[in-house]
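Enquirer: From Swiss-Prot, for reference:
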type: DOMAIN; residues: 7-188; note: domain 'UmuC'
type: BINDING; residues: D11, D106; note: Mg(2+) binding site
type: SITE; residues: Y16; note: site 'Substrate discrimination'
type: ACT_SITE; residues: E107; note: active site
Amino acid sequence: MNYNKKIIHIDMDCFYASIEIRNNPSLKGKPVAVGGKANQRGVLTTCNYEARKFGLHSAMSTSQALKRCPNLILLPVNMSLYKAVSEQIHCIFRRYTDIIEPISLDEAYLDVTACKQHSGSATWIAQAIRQDIWQELQLTSSAGIAPLKFLAKIASDQNKPNGQFVICPEEVADFVKTLPLKKISGVGKVAQEKLAQLGFITCGDIQQADQALIYQQFGKFGQRLWDFCHGIDPREVEPHRPRKSLAVENTLLSDLDTLTEAEDVVKSHYQTLLFRLQRNWGDKPLSDLKKIGIKLKFDDFTQTTLERTTDGIAEHHFLQLLQQIWQRRKGRKIRLIGLNVHFPEEKITKQLNLWE
């Protein structure tokens, strides 16, 4: 694997909440969250670190958040404001490179391999970008610098908030070897438990494993996991890459076999889907979204999908799809449920995060 790329992953710190606090300094030092109202089954879009001390996090239901933190200051989502600030941040990015891959309004990959500023040092470039953002917008950000995309993303979380972390090419092998598998994107709680049962805790453990076993146990994801654990990630930073859909899927903590249980999962996924639509679809009307889909993966690792064009994306539309696709179960247990919504092509104006 060639490690000659210089990739920076920039992640704004508590982006929406930080903008609100910047615009209203009286909120500083208080637990603040941005999200929907509790009586409307809302969820938190983001919250600041004061709120996180109470165990609050993005995508948590607002009602649960208020139980944990009764003094929480809950602010409505102001997407037009966040988009405007995001564009200001991207203007700063473009001073250093045109190779920018936005992940969401508050997160992006930058390829600065060809950048000559600051003697071509990706570390100094990242520091300069973060300094520009702070001086001009009074917002903090964190950065990860590495020759591979997946490592840059992991690195950006190492010194949050308002910090950065560098993984040099010559450090990749040692860093990856000791990297906990739970740090890798896609290794959720269920996958982590399964890996632990097989004796895999770090990437180094996977390096000593049989490749066929990893592929057999984890399918397509196992191929990516194997590559990452061996310091392989050929993905380029892709500017202006339009995505056509947004989805939510999770492997369940335990397999289920009743429609009632599946309906509860769909209802939970639907709230997460709305949360992600807030971040990625913005303030455009949800009525523009007509095509939805559902996916079931069974305990024999086969899967089936069903898509429909509807008159909206209300919760009951997904529940209807579930009832229709349920007939395909044929006695098998369900290990994964996924929901997705397709974006009209003429509405796609920027990259959207798929299966985020």
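Using N, Cα and C of the backbone, Cβ positions are placed for all residues, glycine too.
Describe the structural context of each listed feature in the structure shown, including burial, neighbouring residues and relevant distances.
Expert: Within the same chain, residues at least 6 positions away in sequence whose Cβ sits under 8 Å from that of D106 (Mg(2+) binding site) are D11, M12, F15, Y16, Y82, S86.
According to DSSP, Y16 (site 'Substrate discrimination') sits within a helical segment. Just so you know, the Cβ of Y16 (site 'Substrate discrimination') picks up 29 other Cβ atoms within 10 Å once every protein chain is counted.
E107 (active site) is surrounded by 19 other CB atoms, counting those within 10 A of its CB over all protein chains shown.
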Enquirer: 10 Å Cβ neighbour count around D11 (Mg(2+) binding site)?
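Expert: Excluding its own Cβ, the number within 10 Å is 19.
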Enquirer: Tell me the coarse DSSP state (helix, strand, coil) of D11 (Mg(2+) binding site).
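Expert: The residue in question, D11 (Mg(2+) binding site), is strand (DSSP, three-state).
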Enquirer: Would you identify the secondary structure of D106 (Mg(2+) binding site) according to DSSP, in three states?
Expert: coil
